[in-house]
Structure formats: structure tokens, C-alpha cells
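The block underneath contains the structure these notes are about, expressed in C-alpha cells.
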Amino acid sequence: MIPVIALVGRPNVGKSTLFNRLTNSRDALVADYPGLTRDRKYGEARLENRRFIVIDTGGISGEEEGIDSAMAGQSLLAIQEADIVLFIVDSRVGLNPADELIARHLRVHNKKTYVVANKIDGMDPDIALAPFYELGMGEVHPTTATHGRGVRSLMEDVLAEYPEIPEEEQQGEATGIKIAIVGRPNVGKSTLVNRLLGEDRVVVYDQPGTTRDSIYINYTRFDKPYTLIDTAGVRRRKNIDLAVEKFSIVKTMQAIADANVVILVMDASEGIVEQDLHLMGTAIEAGRALVIALNKWDGLDESHKYYVKNELERRLRFVDFANIHFISALHGTGVGNLYKSIEQAYQSATDRFSTNYLTRILQDAVREHQPPMINGRRIKLRYAHPGGHNPPVIIVHGNQTDDVPGHYVKYLEKTYRRVLDLHGTPIRIEFRTTDNPYEARKKSMTRQQFIQKRRKEERDRNNPRR
């Protein structure tokens, strides 16, 4: 399971800046759930082959309602969710009484904690860091989150005890397809798991949130190995029973990150709600293959079914690559068809394609519809090669690639999806500007070449063509 890191500290010490710095890597996922987390923001980030989840909390001052009540809120939950705590302090302000109160609470929770002295630019580190050693929490790490200084060395220290994840293990090839069942509470996730397994392996109650933690279940179907990951559902903040569902968002993000295929279960009777869309976005940004299951479909009348289908067509255009199934997990209607989409999505996400094949597709696409002209010059796309899988990444080389407009990127995505017959997985197309290897050679001439060129120009002037 990937580690969870909470950023804790007083207001305005740079927690959000550090959060943005950590989650701005190429594969970062930033998930700010409106109305769900309020003062907590969740993001997935990566340092080389180490993935981790970051939680940004609201500031703790301890001056208005007291540190105890403040810590009992969002930051306390973040600390409970976390494996590691980054305690952010302000180097310019120095040690503050609120810092000492926060440190006292962190010691009570006995979590692995790193003191991070932010805003160190322009200061003598020895003088600036000295007061924070009085907290008695070990080494103090100097950083300037705004410019990224010291952040990489900090994270290398923090993640040193967490081994890198080999590519093969990330893809789950040894254990078969890993399927994450995600969705809001009480949409029927555990019922669907039991239906897929053919037995009551997961306790099911009517009360939302009875699946407290993610459950990993290994099984085989027709001699093929699978792992089902059942998660606690995501629910609006005001409805969360803290004793039951305080870990739901982190567990859902961890399950998505750990899965090969995500089945998003939605309640057909409620239609499409904002949290469903956020979960779809989370899966897509994580690059996971996606299957959508609308549960409780058999309980709808025809007019309601017609309305829901129209809503799906209108609001889910951004996931038009995902297969949609109308099911009843309770009665088993349509559940068996999910496996075909799971297999298809996994195959599409993990297929390998040759450079020659990808380049031919690119050339055909360019012949059919050329890129636009920028500043009087046509964008040239020369060749393509694979850049990874799960999800498929295609690297396109050419000139002026920074100017390729979004609509042309969409055109290339659709072309590759159609020709490669990819279903259920997002595609990522990245561009590289290729330098002309002969350009420097054209610009520079030897002395002898220069003399010969001048003589030729002089002859041409003296002997003009008639």
C-alpha cells in the first residue's frame, strides 16, 4: 500500500504551497472534493518510482477555540489517516507557542514526524533552524516550497524506508487483474463483490459505510486469477460518521492507485451526482482503465431509465471510452457482462505497440487532417513511439509541438483509439520537439567552403544567364 503523508502546521506556513509542489509532477493527481473534505485536500504524487498520497490540512492556530478542539477537526483526522506527518513551521517567524502545542499533540499520536522549516531563503540556516530543535523532534529540514529548494532531499529522506515499486509489481501481472470496486456509500459495492465472487465474502448491511476498510480478495474464475478490492464509500462530509468512515477517501485513492481496472458503481436511482464525476476524474488522472456500473437499474420505471440514459450521454462525454453496464447486483442482472469489459479494458491498457506501427498511424492521421499553421509555419509531426502502458502513452516527435492545439490532440487520441481498437482505458499523448541534426551543419562552413561559395557567386554575377 502506498504511504500517506499529512501536512500539518499553523496557518500560512506554506502547507498548500508544499502540497502543490509535491503533486505537480507529471503523474500527479490532485483531488479536491467540494463539500466532502472541506479543510482537507488529497493528492497523489510520485518521486521517481515511489508513489505517495499527500493530505493538505487547514491551519491550526490554537488561539480561537484552543488547540484541542482544532486538532479534533480536520488535522486530527489527517494525522490519523497518515503514515507520516510533515510538521511545517515558518523559519521567518521562528518558534511559536502554537508550534509547541502542535508538537505536543503529535508526540501523543506517536506518528513518524519530520519537522520542515519552510521559507528559509535569504536566512542563515544555522541561526534559523536552531529554535526548532527545542521541539525535541529530531532533525529539522530546511526548505523553500515556493521555489522547490530542499523539497526533493526532504522527500528522499521521508520515503527512504519505503522501497521503490517494480514496474511488474505495479501492473499486477503475477496476481492477475486487480479490480477496484469504488463508489459512494450504499450504492451496492459489497453486494456487487459478493455477486462477482458467488458467495458472501463481504459483510453487507443497509447502513452506509459498513465496509470500514479496503478488503483485498484473491479468487479465480475459469482458471484466471483476479483480485477484488472493495473500498469504503465516499460520502458527503456532513453525512460522515467519523468513527466509521474517516479513512474512506484515502482508502479509495489507494485502491485506485493499486488497481489495474476500476469499476465505478453508481446508484441508478440517484442518477449522476458530483462525487461520481470526481471519482471518474480521479481514476482517469491516475491512468486507470475504467468500467462504469449503474446499479439498482431494475428498480427504475421506463421514464426514469430514459432520463438517466440522457444524463449519461450529456455528462459523461469525457469518459466516452468506458463501457457502461446497467446492472442489479442484488439479483445478478447484467453482472456477468462486466467481466468482458474488465478483460477488454485491461488488455487495452497493457498492450504493447511497435514504433513503426505507431508512426504509420500518425502519418496516416496527418495525411487525412494536417496540423494547423502557427505563425505561417505548418506544425510537423514526424514519428511516434510507445512511452509506457497502463495507461498507453504515445510520444509524438516533431517541430513546434508546444503549439499543437487541444482539438488536434483529441483528434490524434481518437485516431489511435480507433485504429488500435482500445476500449476502457485513457490514452496519453505527449509531444517532443525534435531538433534537426543537420541544422548546425548547415549554418557552419569551413574556410575552403566559404571561399568556393564566394567564387561561385562572383562567377554568377559576371556571367548572368540569358
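Note: Cβ is positioned from N, Cα and C throughout, glycine not excepted.
Taken verbatim from Swiss-Prot:
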| type | residues | note |
| --- | --- | --- |
| DOMAIN | 3-166 | domain 'EngA-type G 1' |
| BINDING | 9-16, 56-60, 118-121 | GTP 1 binding site |
| DOMAIN | 177-350 | domain 'EngA-type G 2' |
| BINDING | 183-190, 230-234, 295-298 | GTP 2 binding site |
| DOMAIN | 351-435 | domain 'KH-like' |
| REGION | 442-466 | region 'Disordered' |
| COMPBIAS | 455-466 | compositional bias 'Basic and acidic residues' |
Legend entry - All-chain count of other Cβ atoms within 10 Å of G183 (GTP 2 binding site): 25
Legend entry - Cβ-Cβ distance under 8 Å to W297 (GTP 2 binding site), same chain, at least six residues away: A268, K305, F326, I327, S328, T333, G334
Legend entry - Cα-to-Cα gap, G183 (GTP 2 binding site) vs I120 (GTP 1 binding site), nearest whole Å: 42
Legend entry - When distances run from the Cα of K189 (GTP 2 binding site) to each of the binding-site residues G9, N12, T57, I120, the nearest one: T57
Legend entry - Among N12, T231, which are binding-site residues, the residue with the most C-beta atoms within 10 angstroms of its C-beta: T231
Legend entry - Candidate nearest N186 (GTP 2 binding site) in space, where candidates are the binding-site residues G9, N12, K15, T57, I120 and distance is Cα-Cα: T57
Inset, instruction - For N12 (GTP 1 binding site), name the DSSP secondary structure in the helix/strand/coil scheme. - result: coil
Inset, instruction - Kindly report the helix/strand/coil residue split of the domain 'KH-like' (351-435) according to DSSP, in that order. - result: 32 helix, 26 strand, 27 coil
Inset, instruction - Under 8 Å Cβ to Cβ from I120 (GTP 1 binding site), same chain, six or more residues apart: give me those in sequence order, or none if nothing qualifies. - result: S91, A128, L129, P142, T143, T144, R149, G150
Inset, instruction - Could you check the binding-site residues T57, N186 and say which one's CB has the most other CB atoms within 10 Å? - result: T57
Legend entry - For G9 (GTP 1 binding site), the number of other Cβ atoms found within 10 Å of its own Cβ: 26
Inset, instruction - Give the distance between the Cα atoms of T57 (GTP 1 binding site) and T231 (GTP 2 binding site), rounded to the nearest whole Å. - result: 23
